[in-house]
Amino acid sequence: MRARRDWPLSALLVTSYVLLVTSQPAGADYLVGVGIGDMTGPAAEIGMMGYANLKQKTAGIHLRQFSRAYVIDDGNSRMVFVSADVGMIPHGIRKQVLTNLQKLYGGTYTEQNLLLSGTHTHSAPGGFMMDLLYDISILGFLQETFDAYVDGITMSVRRAHENTRRGRIFINMGEVEGANINRSPTAYENNPETERRKRVRRKERMKEGRRVNEEELGGGERRDWRGMGERGMGKEGGNKEMKGEEKRRKRGYASNVDKTLVQLRFDSMEGQPLGALHWFAVHPTSMNNTNVFISSDNVGLASLLFEQRVDPGSLPGKGSFVAGFASSNLGDVSPNTRGPRCEKSGLECDVSSSTCSRNEPCFSSGPGEDMFSSTRIIAEKLLDKALVSGCLPAMGYSFAAGTTDGPGAFTFKQATKTTNPFWNVVRNFLAAPRLEDEECQGSKPILLETGRLKFPYSWQPSIVSTQLAVLGDVAIACVPGEFTTMAGRRLRDGVSEAFTQKGWGKVHHVVVAGLCNTYSSYITTKEEYDVQRYEGASTIYGPHTLQIYLQQYERLAEAIATGSAVDPGPDPPVFTKRLLSFITPVLFDNPKFRYDYGDVLLHPPPQTTPGDKVMARFVSGHPRNNPRHGDTFLSIEKWTSNGTWAVVATDANWETRFKWIRTHKTLGTSEVLITWQIPPDVVPGDYRIGHFGDYKYIFGGVYPYSGFTRTFKASCGPAGTSSRGSTPSEGYLGKW
C-alpha cells in the first residue's frame, strides 16, 4: 500500500489581495467612473498570442484592441476593474500599470484594489508575457507590444478616474443559448455525477424583463432598457422569477458549460447609462489560427456593438458609454458551436483524442459561414441577452495536441497518458523531470518540465496572484488563469460557502473574473485532469491545483468576512533585464518605384450600393512605425452639406478591414489593402477612402503621410454581396 504524501505548498506560491467595497442600503449611491483606452499592438509581422502558431503573424487590423476600466468607490474604499482586449494579463504589465498610476495618483491605486483581466482574444500581438514559454512562439519579448498594452490600460484607468461621478449600480443576469459548448466533454463527464447533478445553491435568480421608461433613464433621446430584472447592490428587486428556469436549475447543472451572463450596469444619479460590465464563459476563438488581422474577437465585437447602440454615430473608442465583456471560467469552453469535425470527410472526430482516422485535421467551426460571420453571430448572441498540493509547473503531452479551436502540430493527440521515447529525449535535453515531479503530476505525462527551466529566465510562473473583491452583494474572484466550467463552479460555491460559514450573508453572487494579474495556463478539476485533455495537460501545478486555489480564495473570503488583514505574500520576479527577443525592428521603408507614400494603386468603383465590398490599395510604410493609438490607419469619409469631409468609419469599425502586405523584404516596400463593406443603412452621398501612416526614412526619422481615393457614390439600392450578419441585432437587455 502506497503511503499518502503531502506535497509542500511552497511548490506554488500565491500572492494575496482582498478588497471590500461594502454593501450599502437600498438607494445608496457610489462614486463611479468608466474609461476606455486604445491598446492596439503592432499591426504587422508580429506573432499572435493564443494559438502558438508560428505562421500566424499580424498583417493588419479588423478590430482595434481596447482597455475598458471601471472605478467604484463607496466612500470608504475604492476599486478599479479593467477588462482588456488581450490574451491575458502577466505580472509585468500589472506592475508597470500600477507604477504609472501611482505616479499619477499616489497611493490611490494599489495591489489590493487594481484588478486587471484579459478577455483572452487569440488574435492580438504577443511578446509581452516575460515568461519564456508564452513568448517563445512570438520569437521573444517585444517592447512595442508591452508598451502598447501598458499605455492603453493606463489611459483607460486615467479616464475612468477623471470622470468619476455619483451613480448607482445594478446587477442583471440572463442565460445565453447557442454561444458556447464544452470542447472537452469527456473530461467534464469524468467529474463526479453527484456534483454534475447537484442542486445549485447560489442565489442566482433569473428575472423577467421589464421596460424602463424615458423618465427613469433621465430624459433626452428615448432609450429603452429591457432588463431581466435589476437589483441595486444589497437589495432584492426586479420582477417575478422564471419558475421553469428555477426548477431546471434545482435538478442540477443543466449544461456542461455555464450559460449565465452576469451584468453590472452603471447609471448616473439622473438615470443616464454610463457603462456596463459583463462576465460570460466563452473563449474568444471565433477567429481561428489562420487569421492575420488584429481582432478583439467575439467579446470585443459585443462591446463595440453595445457601445454603438448606446452612443449611435460615435466612432469606436470615442463614445462616453463603456461596455466591457470580461472573461470568466472559460477554460474548456468554445464558441465553435458546430463541434469538432474532420476537415475533409466531415465526420465527427474521436471524442476522446480529437483525432481523425484518415490523418486529417480535427477542428471545430462556429455557427457562421466563415470565422468573421461566426464572430459576429456569437457577439450578437451576447448583445441580445444583455441589451491541496502543488507541483512545479509542467506541461503534458496533450498540451502539444492543441484544441479543437486550434489543433497543434506533429502527431500529438488529446487524452494522451503515456510518454513517447523520441519526445522524451527532446524534453530531457531541456530539463528532465525528476521522480518526484512525475509522481506529483500524477496522470499527466510530462512533455515540458517548465518548473525546472530557468534559462534564460523562468518559462512559467511559480508565484501567482489571487485576488478577491466584494462590491455590495457581488464577490469578484480574480483568478490567474483559465478555469474550466466545473472548476469555476466549485470556486463560486467555495467562496459563497466561506462567506456563509462566517455568518456574512451579504454576498449573493460570486463572479469568476478570468486571466487576472498573472497567467498560469489552465485550472481543471482533479477528475478532468485525470482524462488529460488539453486543459488538463496545461494545468501546470498538478492534479491538486484547483484545491489549492479553493483553499486560497476561501481564506480570502474569510478575511473579508472577519475584517482580518492578509499577508500579501512574495512578489513575483520581473525579468526585464534578461528578456530575449529575436524580433527585428523596422529598419527602413521604401515606396514603390515611381510612387510616393499614400499614393493610390487601386481606386473604388464610381458607383456602389449597400452590401458592396469596396476596396482601395495604397503605397504604405510599416504599421509598426506608429500604432496610431486614439487614431486610425484608415478613414471612410462622407462629403457634407457644409463643404467638408466627415469621418463615418475607422479601422476600429466592424465593416472595415485594414490589411498590410509586404511586397519586397529587401527593398522594404509595402502596400495596404482597405476594404469597406457598405452597410445597409448607409446614407447616400459622395464618399472617399483615406489611408494614414508613417514611414521610416533609411537615413533616420519617422515621418507621417496620408492619401485619399477618388470620390465615389454610395446610393440606396438592392443589396449587393453583403455577408450574413451585416446588420446589428436588436436587444441586449433590450433596446437602448
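Heads up, residue numbers simply count up from 1 along the chain you see.
In case you wondered, yes, glycine gets a Cβ from its N, Cα and C as well.
Curation plays no part in TrEMBL annotations; they are all automatic predictions.
Per TrEMBL, these features apply:
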ACT_SITE  SER334  active site, nucleophile
BINDING   HIS120, HIS283, GLU482, TYR522  Zn(2+) binding site
COMPBIAS  182-191  compositional bias 'Polar residues'
COMPBIAS  205-247  compositional bias 'Basic and acidic residues'
COMPBIAS  720-729  compositional bias 'Polar residues'
DOMAIN    30-198  domain 'Neutral/alkaline non-lysosomal ceramidase N-terminal'
DOMAIN    248-386  domain 'Neutral/alkaline non-lysosomal ceramidase N-terminal'
DOMAIN    388-551  domain 'Neutral/alkaline non-lysosomal ceramidase N-terminal'
REGION    182-252  region 'Disordered'
REGION    716-736  region 'Disordered'
SIGNAL    1-28  signal peptide
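What TrEMBL annotates, mapped onto the structure for a quick look.
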| residue | record | DSSP class |
| --- | --- | --- |
| HIS120 | Zn(2+) binding site | coil |
| HIS283 | Zn(2+) binding site | coil |
| SER334 | active site, nucleophile | strand |
| GLU482 | Zn(2+) binding site | strand |
| TYR522 | Zn(2+) binding site | strand |
The domain 'Neutral/alkaline non-lysosomal ceramidase N-terminal' (388-551) [mean pLDDT, rounded to integer]: 79
Neighbouring C-beta atoms (10 Å sphere around the C-beta of SER334 (active site, nucleophile)): 24
By Cα-Cα distance, the member of binding-site residues HIS120, HIS283, GLU482, TYR522 nearest SER334 (active site, nucleophile): HIS283
Under 8 Å by Cβ from HIS120 (Zn(2+) binding site), counting only residues of that chain that are 6 or more apart: GLY50, GLY87, MET88, HIS283, PRO284, SER327, LEU330, GLU482, GLY514, LEU515
Env. residues of Zn(2+) site, Cβ within 8 Å of mean position of HIS120, HIS283, GLU482, TYR522 Cβ: SER327, LEU330, GLY331, VAL333, GLY481, GLY514, LEU515
Cβ neighbours within the same chain of TYR522 (Zn(2+) binding site) - under 8 Å, at least six residues apart: GLY331, GLY481, GLU482, PHE483, THR484, TYR534, GLU535, GLY536, SER538, THR539, ILE540
Residues of the domain 'Neutral/alkaline non-lysosomal ceramidase N-terminal' (248-386) by DSSP state, where helix covers H, G and I: 33 helix, 33 strand, 73 coil
Count of other CB atoms lying within 10 Å of the CB belonging to GLU482 (Zn(2+) binding site): 28
Count of other CB atoms lying within 10 Å of the CB belonging to HIS283 (Zn(2+) binding site): 27
Summary of DSSP states over the compositional bias 'Polar residues' (182-191), given as helix, strand and coil counts: 5 helix, 1 strand, 4 coil
